[in-house]
């Protein structure tokens, strides 16, 4: 192989990527790699079709081990990236490198197939449905599925809400009684032990459920959902097991006293409901399943439904139908269309409405319709108005939120890496969860007893559990209203409790402890959300700011009333700093607050806290995605990369098939290569392996064909008894090569790929620029893009990972491009 | 030319399109057209790559007049559509056909170029900016421009608001005094004549301004803005003249007493501000201009800025920053990306905030920040709560809204067609506007005097002008609070006035009159919005429903209080029925109401009124777009079209250039053809005009090259002194062929197109299916898509109009596909 690299004079840019790449190689073993450097003639350079007026110094790399030639000037990148895995492996053998989790992509993550494979079978099937009746029926059934998604998500949300509230109340009531009794009788070790014991048992059960049933159910699931909507296949994410682990798990996490919420997991649960309803099939544990319909079994349709499910989940959690819709659409935005948007919005609205109805029914009167979501910030006893002079205070709070949010992310990142490296055994994970639950109880206990902040202000929630501990005269321990409740109740108390309910010392202690517990909890192997703890931390320090402002200006009694307003702003700042707000998060918070005039300061602080946080580190979810090495595509091609060409980033060489291919070749290729798509080329006996492109066939299709034995001895007509439904039956859990069993005779047969391959895959010419390749991937949701030469012969393949490996960072205000490694793990 | 058509047995579908097409041809002159029908052999059919198992009857059309061959089976559509113009012309010669405005596309509308032309010049320029400093600078300046857009839009909004409110108050105060005096002295003809006179003079001035300065400023501009964001170039839309006509025009329209609002035009004004700031240049009337910077002068950047401008306009009009952002993004949604979204949201928020500040300042206290937009529905004296049992009433109202909205659209459509046919002279347009203004005054006068509905309830707005007319005892004429104010004040009165302020008779009369005036006003040659009149009509009949409900259940006194709630729902229903709500409209109304709990019933009625309305006709804006024949692309390929291929819809034959082309050929081609893009092919002396595709060059580029005389005698080196800035200087008003002046000697020169053409245009293979071509256009914002054959030779070109001509309608619940004609006018 021969490659030419052209270094332009002004190029800080692509050159820098190449430099990094070369440096990595060079530092280790320049001699080890089979290439050497020779100059390139001026003529050859002219061929490269660049600006001819400026002479540029050039290098030429000649590889000894391969014969074919790549004529493009930039292909050093392509070569090196395809050589990367080898280098990485070798590095590991030398024991030099410890894994840098945020500088790599993991090769196991594959892309969804949003593009429809328009092969002959598909066209045949479409013919059948090509009547007005079928079009209308299909349209109606899509709306019906969306409706069901909304209803079922709401049912789930209301059930979880009911169960958690009732059981948590029982638990804390029990503890409170022991507390109050033992404070008098000096047996406080009893409630402490009891609290820790309850937490330990429930949390360990929840952690075991998640760890053994489906580890994908850990955490809030939002980073996974976002990645899925971005177009990455996440195996196990949308299964029945994940559903069970997620829903039961989140109940146990909250009852187990962890600093987590049930709102994030709702988005995941809603998505699973949507995927299940879309597939029309439930898979149970031991391979059994019930199947109802199969019309929507492809990535395209399932992803559309899932957008509705995620939106419904968010909508029932926060009573935010618009925010939920935006949440789904901003990641899957390249596939936004008005029809889908309406359907997503519809299911989101149905979910909100049904949740409202059910929770109102639980609260006594189903026709009142005043609780559209599980958590709301709208119970303020005053109008949320703001004055221009308060804006600077809000901005100051936003900066604090951004900074502390960045700290949260950094600490959690360190912890995550530590966990990945050392706490990767199942039993250790479960023990850690139990430990966190016990420490949560112990610390809360210690604070309540140690600070003993007594107040006589009645808490906002008349059902709240308040313990007196050492307080007398009808007073109660102010921290008990924060700790003897779910994190959600704690948030509500911080927002709505009257002025002087919580003293500054209690609040400072609460912020510190809850911050640390929040960092420790997020990432445990339990089903848990990070929204509520973030909001609670922010509300606590926001309340502190409110108290401070009220003390600075004692002549204004309104400020005392406004302490909840500052708590709300603080909550928004903290959430913005940790998660880095997007449009959808802004809308969710505004909808949750139920007051649009006050939306303006909320939007301002969310934006500022995002900017401040982004200056230091990425957001929490993005950090998660990076650590897992999921190749999500950004919205635009990174800057400074626009003179990279398709041929520079493509994978090369290609594995191709002829239109009539020997079964043996297919079998061997599937076994040896990990590619998911193979170009099909014209069978040219003169130049084997060099024919014109005919189409693209997927690994999954080939496996089904092999499994169903759709082949025959050469010259005979194959028994054509396969339909598109046969392929769908294997969706979404595809076959593995190891499940294929072929006799030697069968291996000598040939397979006619013509009816199965996609006859018009997307292709680009090799000189196509990276930004435009990017647009194609984002705009069309591609999985494979074939790069062809001038004669329409396939040269290479661009996949999601080839693009995702260029990552832009804007740390500390400077634009930075890095090229990630692709690793196996 | 030879074409094969294959009719499948089950195909109601594509076949039906072909049938329609053939029918149109056949009905007129089957002999006239130069083709005859012959059968196709089975072999040829096999070649067509369809399901081979079912034999299909086939027809073959052979054309005598052209030599080349199209091998694709479906190309009858392509042939006929390219023949369409001739047929249309002939039809007109026969005088058979009157123009059917909603069944055609007008050829003058061209596409925007969202795709970047990556020629050598561009790469050269990019090199210069390829440093971190430049990337950051460019990023910052984009944010700065967005900030300025927000501020300037807010300034404009506040100024218009101030001027209109003050002057309207003066006008109506004057009339009121004459009214009250003359009611006693029997000289009521005086206020009537005075009112009509004032209206006539101001409206005629406004209409003359719009008609002569820039007719594009007529109406609300929203259909144009939506089309522009969809990717259609609208000449004159974003000029300084349009700005002047729009802003002064809307002030005059409202002062002239027309039934229109100033909110719709704000979106247009905001867009013009954005385009001006983006281009960095102001063009004055007589060809003079001031230029500041040119870095953003291309369709891509201007469209992004314009999204921010439109969002800012909506945001200042309604105080709806989220709704404004969605408004911009839902049409331009294929280009949604998070960075752009943030910028649009930012400018939208800045506009909202600045408007809030300025209007609060006008109202007395700039720090109160309680007026984020020009119109708000949030002044209810009670909490907007709703009960489940009210939902059926709301749904009933939504159905009414949908039906009456559809009636509005149908009536306005008939009127628009009538105007296009008979009222197309400038002076007639101005007279019509004056007539409407006078009739508005006369009818209002007649109603006030004729009904004489006296009330003693003080109006909600303490500054409202109330006339007593014949009323005594401190009572006033209830209709005077509706007519002696701007339409906006009228809307506020209907929403917020106390129960019994307006009697049922007055309301019925008001609804009827305002509905008819609204229909008549929309489409006049004046700058006017349709939001406010729609809302006012709906609020009036909503109030009627509220009165009815209160009378049905007299035991519930709350219902009397709730009359404003019904008015609000009625307003939403009517607006939804007329405009057909999208997500953005829903959010705008919810933000305007400032109460998210109540957002749920609003969303429900908006959705239902949309469905009911859609069952009968398209929405008002869509109707406008259809009448103007603008080729907007829907979000998805119409159903039933998925076996159409790229070769079926492409324009054919192509005009191509060689990489070194004779100036004479270029000049002649530009003069004779209307194409906007030309494929550049390899110069193959063996087969002239049949070379491999090298790139794509645009008409605008060629015109600039000819103008700048970038050519030389064959064999010489051209004087290469042209940069990308030279092209930008002609943006967006491009040269015309008539402006090119070439000597005979110059015509014999050759032009080297290599540095200028786009070397990697998007291409597809001829068998690419229509849905996927559609995705490419929507997803990438393409203007030209070159269709190539297997040897990479250009066969034809697909443009926006080729796709937009397939229109799907779902009238009366049935899916319907029609193929529009492309006409010159």
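Here the Cβ of each residue, glycine as well, is placed from N, Cα and C on the backbone.
As the structure is a computational prediction, the values presented were derived from the model and not from experiment.
Per TrEMBL, these features apply:
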type	residues	note
DOMAIN	B:650-714	domain 'CBS'
DOMAIN	B:757-817	domain 'CBS'
TRANSMEM	B:143-164	transmembrane segment
TRANSMEM	B:193-213	transmembrane segment
TRANSMEM	B:234-259	transmembrane segment
TRANSMEM	B:305-328	transmembrane segment
TRANSMEM	B:340-362	transmembrane segment
TRANSMEM	B:391-410	transmembrane segment
TRANSMEM	B:430-451	transmembrane segment
TRANSMEM	B:505-523	transmembrane segment
TRANSMEM	B:530-554	transmembrane segment
TRANSMEM	B:566-590	transmembrane segment
TRANSMEM	B:602-621	transmembrane segment
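Listed by sequence, the residues of this chain that lie at least six past the ends of the transmembrane segment (B:305-328) yet keep a Cβ under 8 A from its Cβ atoms are 145-146, 149-150, 153-154, 156-158, 225, 228-229, 238, 262-264, 266-275, 277-278, 296, 340-341, 343-352, 354-356, 371-376, 583-585, 587-592. Taking every listed stretch (B:193-213, B:430-451, B:530-554, B:602-621) in turn, the largest tally of C-beta pairs under 8 A with the transmembrane segment (B:391-410) is reached by B:602-621. Listed by sequence, the residues of this chain that lie at least six past the ends of the transmembrane segment (B:602-621) yet keep a Cβ under 8 A from its Cβ atoms are 222-223, 226, 391, 394-395, 397-399, 401-403, 405-406, 408-410, 412-413, 522, 530, 568-569, 572-581, 585-586, 589-590, 593, 809-813. Per-residue pLDDT, averaged across the domain 'CBS' (B:757-817), gives 81. As a quick check, the transmembrane segment (B:143-164) and the transmembrane segment (B:566-590) miss the bar of 3 or more Cβ pairs under 8 A, pairs 6 or more apart, so the two do not touch.
For the transmembrane segment (B:340-362), same-chain residues at least 6 beyond its ends with a Cβ under 8 Å from one of its own Cβ atoms are 142-143, 146-147, 149-151, 153-155, 157-158, 161-162, 270, 274, 304, 307-309, 311-316, 319-322, 324-325, 328-329, 368-374. As a summary of secondary structure, the domain 'CBS' (B:757-817) carries 19 helix, 22 strand, 20 coil according to DSSP. Helix, strand and coil counts from DSSP across the domain 'CBS' (B:650-714) read 19 helix, 18 strand, 28 coil.
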